[in-house]
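Participant: Sharing a structure, written as structure tokens. Questions coming.
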């Protein structure tokens, strides 16, 4: 680039030099956070700070995709709507995956809708393709021309895991399509480590948030109108 600058008029040289300086300053914070995520990763407090900054920590009465109820909800769609933040979180999760698993991954597959963005960012961070599953008839399947080659090693990526139901259904669909799920990940594990997906599971953040059967709600929660913030019918 500097050699090219030397071959143009002085006025353009100054303009090009100023442009490069401004671009470098603008990109520096992104490179610093990305380098940190790829290296030591992010602490739980730093990850929670990302959710707070995105106003993604909600309180009220929520119907989860599992059908259970909760007084707290993490709206991953909000934390993912800023591309650089989504990239930081995906890179931080990649840093938590053991190298032998990380290097074996051929493709990332995620369930729509919640897993689409984080799955795409995981594909970018891992340097592999990303595709997603849909369930137009109630059962997950690959559509839109997505295909897995027989035996392809798959990393299944979710946004939030509560009971693990959606994740297990997604893994079953991956197997039906010819892939082999060697590990799974999520931005948030609400089960406090209790969800069993049948494969190694690497959440970015593990939380213990109480959930309730809709027939057995605490009075203070039952008094609040319920809302459904997710994408799956309860």
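From the backbone N, Cα and C atoms, a Cβ is placed for every residue, glycine too.
In TrEMBL, annotation is done automatically, which means it is predicted and not curated.
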Participant: Looking at the 5-phospho-alpha-D-ribose 1-diphosphate binding annotation from TrEMBL, with 158, 159, 160, 161, 162, 163, 164, 165, 166 already listed, which candidate in 99, 102, 124, 135 is the matching residue?
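Facilitator: 5-phospho-alpha-D-ribose 1-diphosphate site check in TrEMBL: besides 158, 159, 160, 161, 162, 163, 164, 165, 166, the record includes 135 out of 99, 102, 124, 135.
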Participant: Taking every residue in the domain 'Phosphoribosyltransferase' (91-195), what is their average pLDDT?
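Facilitator: Residues in the domain 'Phosphoribosyltransferase' (91-195) carry a mean pLDDT of 94 in this prediction.
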Participant: Could you state the whole-number distance in Å separating the C-alpha atoms of residue 163 (5-phospho-alpha-D-ribose 1-diphosphate binding site) and residue 190 (orotate binding site)?
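Facilitator: Cα-Cα, rounded: 8 Å.
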Participant: What whole-number distance in angstrom separates the two most remote CA atoms of the 5-phospho-alpha-D-ribose 1-diphosphate-binding residues 135, 158, 159, 160, 161, 162, 163, 164, 165, 166?
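Facilitator: Across 135, 158, 159, 160, 161, 162, 163, 164, 165, 166, the two farthest Cα atoms sit 19 Å apart.
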Participant: Can you tell which of 161, 165 has the least company, meaning the fewest other C-beta atoms within 10 angstroms of its C-beta, among these binding-site residues?
Facilitator: 165
Participant: In angstrom units, rounded to an integer, how far apart are the Cα atoms of residue 162 (orotate binding site) and residue 135 (5-phospho-alpha-D-ribose 1-diphosphate binding site)?
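Facilitator: Pair distance, Cα basis, whole Å: 19 Å.
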